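Asks: There's a structure below that I have some questions on.
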Amino acid sequence: MIAYLVKIPVKAMVTLFAIVTVTFVATRLSGNPIDTFLGDGLTAEGREELIRYFQLDGTLLQQYLAFLRGVLSGEFGLSFIDRRPVTEVVAERLRPSAQLLLASVALTVVVSLPLGVLGAVYRKSWVGSAVMMLAFAGYAVPSFVLAIVMILIFSYWLNWLPVVGNGSFLHFIMPTIAMSGVLIAALTRFTRNAMLDVLGQDFIRTARAKGLSEARVVLRHGLGNAGVTVISVIGLQIAGLAAAGSVVVESIFSWPGIGQLLVNAAIMRDYPTLQFGVIAVAVAVVVINALTDVAYALADPRIRLSSA
Amino acid sequence: MIRLMLTTALALMPLAAAAQEITVGAANMAPYLDPGRDHSNVGSQFYYNSFDTLIDRDHHKLESEWVPALATSWELVEPTVMELKLREGVKFHNGDDMTADDVIFSLNRMIQATFPLYVVRAKDRLGNFTKAEKVDEHTIRIHAAREEPLWETLISLQQIMIIPEKYTKALTGDPNVAEDSDYEAFALAPVGTGPYKVETFQPGEKLVWTRFDDFWGDRAPLERVNVVQIAETASRVTALKTGEADIITNLAPDQLSLVDSDPNLKTEGSATALFHVMIMNQNHAKLKDARIRKALSLAIDRDALNEALWLGKAVVPSTHTMKEMGALHQPDLVTFEYDPERAKALLKEAGYDGFEITYDTAATYYTNGLLAAQAIMEMWAAVGVNGKVVVKDKWSGNDPEMMTRNWSNPMYFADPFGSFGVMWAPNGPSESEGRYNTDADFAEKWERFRFSTDVEARKAAYVEVMERVKEDPAVLPLYRPFESWGMKASVNWAPLPGHIPYVLDFRAGSISLADS
């Protein structure tokens with residue numbers, strides 16, 4: 001167990017270093033900020049002047065070393081565009097994104113687990129079929145379609161829900177559902193399949209033979225064991241969402257989150273913001289993965305007890 | 001519970017209107033607010049509410065009619081020296097009194113710029129000014145290198161709006177020295193003398209203006225204005241419909257009817273003082289022959305583009321001119337026309353062998369940009385040109401391989417110098433990007449246009465300049481795009497003809513809210 005836990009942060013550090021390096025190189029391969037947001041109407045001398053001003057005049061290696069020195073001392077630089085420290089720019093955006101992410105995960109878990117269990121227990125009745133229908137439909141509808149349809153119905157026609165920003169509880173409803181749609185579909189199916197696996201096994205029959213109530217059999221012994229699979233799926237999904245999943249939804253609902261920030265930074269080639277933004281997201285993903293590993297260890301005695 | 005919150009929210013809405021507060025849903029929010037270093041279409045929306053120039057113009061009128069702003073009077077004391085009397089009792093948003101020192105500081109930060117982001121901005125339009133100096137506490141002088149025909153025009157530029165010296169210098173480092181970092185900090189916490197002060201500014205997200213009670217002029221009609229970025233068009237329109245926004249910007253042409261069909265909403269629009277243009281690389285090996293570029297230009301039916309893409313609401317120019325330029329507007333001059341037969345003949349003469357000609361465009365940057373590009377390829381095909389649209393996000397105007405692409409030429413100020421000149425003057429950006437050449441003859445004509453103090457002489461010289469453009473074309477203005485804003489029926493606002501493009505003017509006399 002201890003050895004297993006120690007490996008987690010080491011793996012995380014190596015991953016982060018690789019990401020920092022790849023981000024640095026990739027951003028610079030894709031073009032120059034002077035050619036994007038500063039490009040219009042610039043003379044040759046003006047161009048030179050700005051390249052010097054933004055410290056883009058060294059070789060790639062010099063810039064990389066300067067960047068690494070910065071990273072080690074916690075200095076990630078100023079955004080090329082608004083000239084604020086990128087740490088501040090990104091921090092301001094992380095909170096709304098994290099809120100939306102948590103809301104979506106909460107909704108996903110609350111809806112998917114019961115649906116998955118129902119789908120497994122009543123797999124032969126119409127209830128199970130309905131659950132599967134729902135899951136397939138959810139898979140097939142991309143988040144932006146779901147978002148636009150909801151906006152059309154609940155805002156444009158009915159005027160019940162606001163579409164702009166994250167000001168109140170009401171603002172969370174549509175973005176959360178839009179973000180969760182595909183996740184709910186996926187997790188419902190995983191839960192159902194995991195439950196079907198478990199419910200067919202011998203110890204379930206034993207539990208029933210002991211005379212335990214059906215609810216206890218399904219929830220304690222069934223879901224308890226299926227939980228190991230479910231946890232890893234949730235972990236993967238959260239990580240995926242944190243990495244990329246929210247860009248479209250944030251853009252549609254003008255959610256002041258990190259997705260929109262990163263897309264803009266990429267278009268403008270605002271290297272410092274892009275680098276730190278990617279690093280921040282990467283850290284989030286790595287931490288989520290590490291936590292998933294820990295949760296996995298806690299849930300699965302085979303891992304928990306393997307080296308004890 | 002939801003129902004309760006909804007009713008509460010609905011009940012609050014009329015109150016907000018009574019308090020003279022509006023919310024603007026903008027497609028783009030500026031990443032910084034400094035009138036000096038900015039000349040973008042995004043930034044130009046915001047400066048006029050918070051900053052003043054020394055001389056202003058009556059923006060309700062198309063013709064330039066100069067009116068006193070922070071200067072109450074001005075006169076030429078020498079052919080190259082303008083003396084201005086400053087208004088007394090003007091306050092900045094932070095409470096400081098505006099002094100002659102503030103004015104000199106604001107002018108010289110651009111005219112004698114050292115901050116690189118000011119240097120590049122000042123070079124193309126303020127190059128003839130050498131310095132500003134203080135005469136006494138209420139009098140200043142601006143010096144020019146040569147006689148200047150455009151004094152008022154240039155003094156009313158957004159780039160030399162007046163900012164506070166002490167406040168700016170004290171933002172970072174040594175409070176008595178103007179460091180680059182002071183200017184960078186200013187752009188995040190801007191202070192001016194205008195009728196609205198910036199209460200909150202979140203770069204790229206949100207801007208809140210509140211009425212500045214010590215404003216020297218007419219009291220601002222609104223108490224509070226929230227500008228929120230709503231990037232997605234569908235969301236902007238919905239926000240207008242739900243009442244989350246009172247005005248929305250950048251309404252696409254195909255959505256005008258959607259908004260207009262709602263009795264509670266309306267649209268306002270105008271042909272923006274900006275050209276979408278096609279540029280052609282004079283120095284590309286395959287386009288060196290002017291006849292080929294002429295043919296590419298003659299083959300394009302711009303009126304058809306206007307009808308198809310802009311419902312006929314855009315304006316197609318016959319030369320690089322705009323009616324805002326007043327006496328310098330020359331609508332009878334024909335530099336650009338549609339003549340497919342001549343295009344075919346020119347291609348034949350030049351021995352065009354069917355090689356591919358690329359046309360670069362970004363996917364979404366210019367409204368209808370990609371559609372126009374595709375239509376132009378069809379028009380080229382009709383005269384036998386093998387054209388190909390290349391979609392790329394990167395600016396390729398400085399790439400020697402670029403053959404043709406789209407671009408825009410905004411009117412930065414109401415003179416051909418402020419539109420054609422900023423982009424195409426000798427040693428300007430187009431020439432230094434290596435896709436456009438000028439020679440001594442062109443420079444002489446340009447100088448005569450730029451500096452003649454007689455209007456007729458300037459007009460005649462501009463005709464000669466345009467003749468050169470026609471002979472060896474590097475640019476074709478396609479049209480002035482039609483820009484629209486959507487708003488509640490109770491909001492009385494429209495873009496004013498005397499502004500540069502996109503200005504959201506909420507000053508007294510420019511906006512009012514009907515009581516409902």
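The backbone N, Cα and C atoms fix where each Cβ goes, glycine too.
Any TrEMBL annotation is an automated prediction that lacks curation.
The shown structure was predicted, so the numbers you read here are calculated from the model rather than taken from an experiment.
Features from TrEMBL:
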type: DOMAIN; residues: A:94-292; note: domain 'ABC transmembrane type-1'
type: TRANSMEM; residues: A:12-31; note: transmembrane segment
type: TRANSMEM; residues: A:100-122; note: transmembrane segment
type: TRANSMEM; residues: A:134-157; note: transmembrane segment
type: TRANSMEM; residues: A:169-187; note: transmembrane segment
type: TRANSMEM; residues: A:226-253; note: transmembrane segment
type: TRANSMEM; residues: A:273-299; note: transmembrane segment
Asks: Same-chain Cβ contacts of the transmembrane segment (A:273-299) under 8 Å, 6 or more residues past its ends?
Replies: 1, 4-5, 8-9, 11-12, 15-16, 19-20, 23-24, 27, 67, 71, 76-77, 79-81, 86-87, 89-90, 94, 227-228, 231-232, 234-236, 238-239, 242-243, 258, 261-262, 265-266
Asks: Which of A:100-122, A:134-157, A:226-253 has the most Cβ pairs closer than 8 Å to the transmembrane segment (A:169-187)?
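Replies: That would be A:134-157.
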Asks: Cβ under 8 Å to the transmembrane segment (A:100-122), counting only same-chain residues 6 or more beyond its ends: which ones?
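Replies: Contacts of the transmembrane segment (A:100-122) (Cβ under 8 Å, skipping residues fewer than 6 from its ends): 128, 131-132, 134-135, 166, 172, 175-177, 179-180, 183-184, 187-196, 199, 218-219, 222-223, 230, 234, 237-238, 241-242, 246, 249-250, 255, 257.
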Asks: Cβ under 8 Å, sequence separation of at least 6 from the ends of the transmembrane segment (A:134-157): give me the contacting residues as numbers and ranges.
Replies: 115, 119, 163, 174-175, 177-179, 181-182, 184-186, 188-189, 192, 245, 248-249, 252-253
Asks: Same chain, outside the transmembrane segment (A:226-253) by at least 6, Cβ under 8 Å from its Cβ: which residues?
Replies: 97, 100-101, 104-105, 108-109, 113, 116, 143-144, 147-148, 151, 163-165, 171, 174-175, 178-179, 183, 186-187, 190-191, 194-195, 197-198, 259-260, 262-263, 281-282, 284-285, 288-289, 291-292, 295-296, 299-300
